[in-house]
Amino acid sequence: MAPPSPREHQSAPATSATKPDAEMVLPGFPDADSFVKFALGSVVAVTKASGGLPQFGDEYDFYRSFPAFQAFCETQGDRLLQCMSRVMQYHGCRSNIKDRSKVTELEDKFDLLVDTNDVILERVGMLLDEASGVNKHQQPVLPAGLQVPKTIVSSWNRKAGEYGKKAKSETFRLLHAKNIVRPQLRFREKIDNSNTPFLPKIFVKPNARKPLPLALSKERRERPQDRPEDLDVPPALADFIHQQRTQQVEQDMFAHPYQYELDHFTPPQSVLQRPKPQLYRAVGETPCHLVSSLDELVELNEKLLGCQEFAVDLEHHSYRSFLGLTCLMQISTRTEDFIVDTLELRSDMYILNESLTDPAIVKVFHGADSDIEWLQKDFGLYVVNMFDTHQAARLLNLARHSLDHLLRLYCGVESNKQYQLADWRIRPLPEEMLSYARDDTHYLLYIYDRMRLELWERGNHQPVQLQVVWQRSRDICLKKFVKPIFTDESYLELYRKQKKHLNSQQLTAFQLLFAWRDKTARREDESYGYVLPNHMMLKIAEELPKEPQGIIACCNPVPPLVRQQINEMHLLIQQAREMPLLKSENAAGVRKSGPLPSAERLENDLFGPHDCSHAPPDNYQNTSTDGTLPLQKQPSLFTEGKEETSVDAGCLLATAVITLFSEPNTEEGGKTPLTVAQKKAQNIMQSFENPFRMFLPSLEHKAHISQAAKFDPSSKIYEISNRWKLASQVQVQKEPKEATKKKVAEQTAAREEAKEEAAAGVLEQAIPVRQQAALENATKKRERATSDLRTIEQKQEKKRLKSSKKAKDPDPPGKDFSPYDYSQSDFRAFAGDSKSKPSSQFDPNKLAPSGKKGVGAKKCKQSVGNKSMSFAVGKSDRGFRHNWPKR
C-alpha cells in the first residue's frame with residue numbers, strides 16, 4: 001500500500017504553518033529531527049501494511065483468483081515501481097525496472113535494487129564524513145607531468161567556495177605546475193652520469209683518525225693531468241685506472257672514507273644509561289629557520305656542534321634526474337627547527353661534515369638506508385654515531401615500523417602523507433610542504449628518548465638492546481653509493497624479472513631498446529621511467545612494430561623523448577627484425593658468464609656450521625669440471641673480458657664417491673696399476689656371469705661363455721643351449737680364443753662383400769613380371785600364364801629374403817658366391833594344377849584361358865593382334881591389356 005502523503009498525515013508537525021519557509025529545512029518540517037521522526041513513522045506503517053498482505057503460496061493463489069484483488073495488486077505494484085524508478089533516476093542509477101520489455105526476470109530487478117541501495121548508502125557515508133570533517137578521498141600529490149592539469153572553462157569558478165577550499169586549490173595548481181626550471185642548470189659542478197664507478201666527492205675529512213687518501217684531496221683534484229690520455233677523466237678515476245693497468249695498488253680510493261672511524265666507534269656512555277624523555281615543544285612555540293645562504297649554513301653548523309643530539313631527514317626527487325636530486329634537508333634540535341635548501345647550497349653542503357661526523361653528537365634518523373647514500377652522492381657527507389629509529393622499532397617488534405606509526409604511538413600526532421610524493425624541486429616551497437617537512441624531524445628526538453627507555457627496560461636495565469641498535473645503525477653508515485653501470489648484459493636482469501619468453505628477434509629488440517634508453521637517460525639527465533618505462537619497452541619488444549606509428553601505439557601516454565627520437569627507435573626495431581628467428585629462450589637459457597660466486601660460499605666444508613655438500617646446484621654455480629672452486633686472480637674494473645681463475649686448495653668442494661667397484665680408466669694405454677682392493681673387486685665381478693651372455697654370443701664376441709657349464713648335461717645352460725640352438729658347441733670348441741678378433745674382422749668384410757654382390761645380382765637379373773609373362777606367352781603360344789601377379793611378387797620377395805639371409809650367414813673364407821640365374825627358370829610351376837577350381841574373384845590382369853572353344857580363343861588372339869602400324873610384329877614390351885567382362 002502507498003504511504004500517506006505528508007499533507008494527509010495526521011502526525012505532521014503543527015508548528016510548520018507558524019514558521020516561515022526560509023527557516024524550514026524541508027517543506028513542512030522545521031528541522032531534520034522532525035522529518036526523521038515523520039519518515040520513520042511512515043516506514044513503519046508501510047512495513048506493517050505489507051506484512052498484512054497474503055503470503056506467497058496457496059493463500060496468495062486463492063486471492064489471486066479474484067479479479068478485484070488482481071487489479072488492486074497490479075495498480076499498487078506499478079505505483080511502487082514508478083516511485084522506485086524515480087529514486088533511481090535521481091541518484092544516477094539504471095531506472096528501467098518498470099520496463100517489462102527490457103527486464104523481465106525478478107532476479108534482474110532485485111540486482112538493480114541492490115546496486116541502487118549500494119550507491120545511495122555510499123553517498124550517504126561520504127556526506128556524513130564530509131559533515132563531520134573527515135574526507136577520505138584526498139588525492140595523492142604526484143610529480144608534475146603524471147596527471148593532466150584541469151582546464152578552467154570560465155572565470156566564475158576561480159573564487160568559488162570557502163577560503164580553505166580556495167587555498168587548497170591554489171596549492172594543487174602550484175604542486176603540479178608544468179614549467180619548472182631544472183635545478184641542474186644552476187649547479188656549479190656538472191652532474192656526472194658517465195658509465196664509470198662513483199668517485200667520492202669528499203676532499204676534506206674533519207674528525208679524522210686516519211687521513212684521507214691523497215687521490216681524493218683537493219690538491220690532487222685541481223692538479224692538471226700528468227698523462228695526456230686521461231684528460232677527459234677525473235683525476236682520481238684516472239689514478240685508479242692507471243693503477244689497474246700497472247697492477248700497483250697504492251690506496252683504495254673507492255673505500256669508505258670513514259671506514260676506520262666507524263670500525264673503531266663506540267657509543268658514549270651517556271647514551272647507554274637510563275634516559276629521561278624530554279617532551280617536545282609545541283610547533284607554534286618552536287622557531288623554524290629556512291637556510292638558503294652560505295652564512296646561514298655556517299651558523300647552523302656552529303649551532304649543531306653545540307648540541308648533544310639532533311634529528312635529520314631528507315626529501316629526494318628521482319623522476320626528472322638520472323641519479324636523483326636531494327632537494328631538502330630538515331634538521332631539528334631540542335629548541336629549533338631548520339630547513340636547508342640543498343638545491344641552492346649544493347656545493348657548500350660539505351660544511352656540515354664537521355657536525356655529522358662528530359662521534360660525540362648523536363644523529364637521529366628514521367630509515368636512513370637511502371639517506372646515507374643520498375648524502376654521499378650529492379654532497380659528499382658522511383655520518384658517524386647515528387641512531388636509526390627504524391631499526392629500534394624492528395628490535396622492539398612494533399606492529400609497524402613507519403614514522404607515521406611512531407608519531408601516532410608516541411606523540412598522538414596524525415601525519416599528512418599527501419606530500420610524500422610531491423615535486424620538491426618547486427621554489428618557493430608552499431606553506432603546506434614546509435609544514436610537512438618540518439613535522440618529520442620535530443618529534444623525532446622525543447621518539448628517540450621513548451624508544452631508548454623501552455630498549456633499556458626490555459634489556460633488564462642493561463644497555464644490551466641499545467648497543468644492538470647502535471651496531472645496526474653503524475652498519476648502515478658504512479653503506480656506499482654505487483652508480484648504475486651499464487654492460488652488454490644489463491638487460492638480462494630486467495628480462496628475468498619480467499618472467500616472459502621472447503624469441504631471438506624480440507630479445508634483440510629488448511636489448512637495443514635498453515641500451516638506447518640508458519644512453520638517452522644519461523645524456524638528458526632523466527630517469528628510466530621518464531625516458532621509457534619498463535612495461536612500454538617490453539610491449540614494443542614483443543610487438544616489433546613495422547612502422548613508427550606502431551611504436552607510438554604501444555605507449556600510452558607517449559613519453560616526450562620517445563616522440564622526439566621515434567625514427568632512431570624505428571631503426572633499432574628494424575635491426576632486430578633482421579635477426580634470424582629462433583625458438584623462445586628462457587631467462588636462464590640466455591644467462592651468460594656472470595660474476596664469480598659470492599664470497600659467503602667460500603667456507604671450509606670441514607669446519608663450517610652447515611653441511612653444504614648436499615646443497616642444490618641452483619644456489620651455487622661451479623663451472624669447473626673437477627669440482628674445484630674458481631677464484632679471481634686480479635681485481636678488474638671492467639668485467640667484459642675473460643677473467644682468469646685459479647684453484648685454491650683450501651676451498652675445494654667434493655662429494656663422497658665409492659670408487660672401489662668402478663671400472664679403471666684404461667684410456668692411457670691400459671697401464672694404470674690396480675690396488676689390492678680393486679683386484680679383489682675385479683675378481684668378484686668376474687665371478688658374476690650374465691646368464692644371457694653365457695649362451696648368446698655377442699656381435700663383437702666379447703661375451704664370456706663358461707665352457708664347463710655348456711658341456712655339462714646336468715646343467716641348465718646345457719639344456720637351454722640344446723633347446724634353442726643359439727650357440728654352436730663344435731664351433732665354440734674349435735675356435736681359439738687368440739683368433740677371435742681376426743675372425744670378427746674377416747666375417748664383417750665377407751658379410752659386406754656378400755651384401756654388395758647380392759644387391760648387384762638382384763638388380764641385373766630381376767626382370768619385370770609383366771615382361772616375363774609376355775615372353776612366355778609369345779614363345780609357348782599363349783599358354784596359361786601365372787594365376788596371380790601378386791603371388792609372383794610374394795614369391796620373389798621370399799626369394800630375396802632367403803638370399804639376404806644366406807648372405808648374412810658368412811661362408812668359410814675362399815668360397816666364391818654365385819647367384820642363381822632365374823632367367824632359365826620354368827614359371828609353369830606357379831601356374832597350379834589344371835584340375836584346381838578357378839578363383840571366384842575376377843582379376844583384370846589375368847589372361848583369358850586358351851582352350852578349344854574356338855570363338856573365345858579367336859577373340860582373345862585378336863585382342864593382341866596387329867591392328868595398326870604402331871604395334872610391332874612379334875614381341876610386345878607393353879604386355880597385355882586388361883580383359884574386362886562384357887555386360
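Numbering starts at 1 and runs along the chain as it is shown here.
The backbone N, Cα and C atoms fix where each Cβ goes, and this holds for glycine too.
A quick note: this is a predicted structure, and the numbers were derived from the prediction, not measured.
In the record from Swiss-Prot, residues Asp313, Glu315 bind Mg(2+) 2; the candidate from Asp440, Asp449, Asp475, Asp488 listed for the same site is Asp440. Annotated by Swiss-Prot as region 'Disordered', the relevant range among 1-23, 599-621, 668-690 is 1-23. Per Swiss-Prot, the range carrying the annotation region 'Disordered' out of 206-229, 734-757 is 734-757. All protein chains considered, the CB of Glu315 (Mg(2+) 2 binding site) has 23 other CB atoms within 10 Å. Residue counts of the domain 'HRDC' (503-583) by helix, strand and coil are 58 helix, 0 strand, 23 coil (DSSP-based). Taking only the Cα positions, the spacing between Glu315 (Mg(2+) 2 binding site) and Asp371 (Mg(2+) 1 binding site) is 9 angstrom. Neighbouring residues of the recorded Mg(2+) 2 site, listed in sequence order and excluding Asp313, Glu315, Asp440, comprise Leu314, Leu328, Met329, Gln330, Ala437, Thr441 (Cβ within 8 Å of the Cβ centroid).
Note: the CA-CA distance between Asp371 (Mg(2+) 1 binding site) and Asp440 (Mg(2+) 2 binding site) rounds to 14 Å. Cβ environment of Asp313 (Mg(2+) 1 binding site): Met329, Gln330, Phe365, His366, Asp371, Ala437, Asp440, Thr441, Leu444 lie under 8 Å away, each six or more residues apart in the same chain.
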